[in-house]
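J.: Can you keep this structure in mind? I'll have questions shortly.
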């Protein structure tokens, strides 16, 4: 046995490089001077090699080190609610949540509002990578080294270069033990002394995979005949957050992944780069990948002896902290690059198509959105100041990007609803004026007449205003009992109360008209009680009537019997569904052929007894079953959607938010989609879908409510108020990051110019400036309450809490005031139409007065 051991030892000595010297110190008992509490710490730190693969080591504590778990008091419901509300509004006392909000805000600001102050840039940017030395890859002396470890040599760990501290110290009685991050191959103490390391520097967090990227990967897997799950298994290790401790997490979650190496074969290198681009080092640059693919195949060095000079030169080909850094051309000519290869145990086979997959990943990858410097900030060249406090800088770095779920859902709904509306209701005449159609139509008098139909043109390439009202547009007469519309309907019913059936002498037909409209020479106006056919009611002849094809004496359903006799007022008569006699009643108003029935025309509840041909030409709603206009409810027909609870009182208040998902046409929808995929999507990445959804919907509802007050007879659709509420978020974000911007006034005036331009654009027809103004004001209040912010000290933190409460109360007051003006004290503004549409011509703007819409 001893002979075999000597043979194996001699074979190992022959394979040992001549320059390699191993000095293994002998084990020595712990000295008396060494503190006893440091022994477990030292065993834990130096239990395994920090440069060679090792199995997961589980340290078993002695029985005297076992401690009872600390008993904690259960958090009360009140404290839980308070803590959750503080975290949601971004004013919690927890440093982690506060830094998370504020770092994301700074990152967003740097992309949107221009250049930052120089001090911010110096504290946000990492140190220069030009001065990288080999000493940064060497392991420093450990925190505590006993006599037995004083002879240990330094071990080179190339991947440890630039690895910053990811967690703070775990202090125990005044001494700290650093947590070594477990890399894909091994761990190294170089992680704690690199020239780029520091407790004050937190790593940039990786952006979550976009929906488009995941969809592209799934489609590629299906085209190749692979399962979608196979492609996602290799990415199960990737996280969208920084774990509290890399050592504890990797040891617990991935116990079988420590038997790997830093270096792999060329076929697996791209897989390693695509699997660990964010947790070990940044994604490789495109130029470096091209150099790697163009490099000639070299001899395989697997299992061979390693030369010291080659080992020291090979670190130049290894990934640095941010991507791959190429060696200078002069140095490359003197020292050829040598790839270091080593055997890797991999459960997955070699993957093909990596030369296409890596550029595709780089195509979909995007940097995080700095607070205050989003898309608009890039367009306006905003930058941070040169110097920013480190506390503010940490707040910027801690902010993560959210997935814009609300933006994608909203865009899908807008597109789908617009397509369905255009397909079902068609496209109105395109233009800015009014479109007139003239035709010869048979009317209720039995003769053809030339009639004209006037329709407002729609330059958005979409349905007409009547169709949009039927779909759910903002329209005050459908949301409340409008005083003018109600008085107009009552006046029409009063005229109908004194009408009677006009029977033509040639027996060509009859129609319900007034005495002025019935010819005394060509027809007979059957008016009760003058006409002998008048029935009796309670022993007296009826004073109002007659009605063509309706009489209480011959109607069976509903019958006019005591105590349910039909009233004296004919406008209160029900619709007769069944008559007891046919056309031979010996009553002239019952035996004639009726030529006109009620037709609801227009959008203001106007009813006219006319022929079906004329009703269809005027795009009205013809009622074949009724004989009087009082028997139909035209506003219910015009508004559509759900029927009113009381047919006389419109109550479709849900139009305030339903109209946010409608558009006036295809162009209108495209404009909204462009806005949502740029500004709204950018802001949702910063604040999350729940905050943006609240601001978007409440701003739109407030804008529509103000528009319904000042422009009650105008059908409006689209998220105009919501979009201006989102624009108000940009102003609030600018105000919150004012102290860190290099030129905040320039960014402010640029934003102001954009808003003024959009407000001027709102002077065109079909664009509501009242919704713009109210949506912007409400969005301003809501943004101060719900958007994330950057705090500049404890006093500023308390000020933000007061600010949240104050602006929520102000918004609720604004909303309550608008509700009172709409339902309780309605107002009428004569000049308000000039604020939303300037009549350059007589027919440029649609008339807002009630009488102008009556045909």
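Note that the numbers count up from 1, one per residue, in the order the chain is shown.
Keep in mind that glycine also has a Cβ here, set from the backbone N, Cα and C atoms.
From Swiss-Prot, here are the annotated features:
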type     : residues : note
TOPO_DOM : 1-411    : topological domain 'Cytoplasmic'
REGION   : 1-35     : region 'Disordered'
COMPBIAS : 25-35    : compositional bias 'Low complexity'
MOD_RES  : 76       : phosphoserine
MOD_RES  : 176      : phosphoserine
MOD_RES  : 180      : phosphothreonine
MOD_RES  : 183      : phosphothreonine
MOD_RES  : 390      : phosphoserine
TRANSMEM : 412-432  : transmembrane segment
TOPO_DOM : 433-655  : topological domain 'Lumenal'
CARBOHYD : 583      : N-linked glycosylation site
TRANSMEM : 656-676  : transmembrane segment
TOPO_DOM : 677-691  : topological domain 'Cytoplasmic'
TRANSMEM : 692-712  : transmembrane segment
TRANSMEM : 715-735  : transmembrane segment
TOPO_DOM : 736-746  : topological domain 'Cytoplasmic'
TRANSMEM : 747-767  : transmembrane segment
TOPO_DOM : 768-772  : topological domain 'Lumenal'
TRANSMEM : 773-793  : transmembrane segment
TOPO_DOM : 794-803  : topological domain 'Cytoplasmic'
TRANSMEM : 804-824  : transmembrane segment
TOPO_DOM : 825-855  : topological domain 'Lumenal'
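I'd like these features described in context: how deep, what's nearby, how far apart.
T.: Within the same chain, no residue at least 6 positions away from residue 76 (phosphoserine) has a Cβ under 8 Å from its Cβ.
When Cβ-Cβ distances below 8 Å are used as the criterion, the transmembrane segment (656-676) is approached by residues 407, 410-411, 413-415, 417-418, 421-422, 427, 458-463, 468, 471-474, 479, 641, 697, 700-701, 704-705, 708, 716-719, 721-723, 726, 766 of the same chain, each at least six residues removed from its ends.
Mean pLDDT for the topological domain 'Cytoplasmic' (677-691) in this predicted model: 90.
Within its own chain, the transmembrane segment (715-735) has Cβ neighbours under 8 Å at 105, 108-109, 112-113, 371-372, 376, 465, 468-469, 471-475, 603, 659-664, 668, 672, 675, 679-680, 683, 686-687, 692, 695-704, 706-707, 741, 744, 747-748, 751, 754-755, 758, 762, 766-768, 771-780, 782-784, 787, counting only residues six or more beyond its boundaries.
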J.: Using a Cβ-Cβ cut-off of under 8 Å, list the residues of the same chain that are 6+ residues beyond the ends of the transmembrane segment (804-824) and lie near it.
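T.: Residues 89, 91, 476, 479-480, 698, 702, 705-706, 708-709, 774, 777-778, 781-782, 784-785 contact the transmembrane segment (804-824) from elsewhere in the chain.
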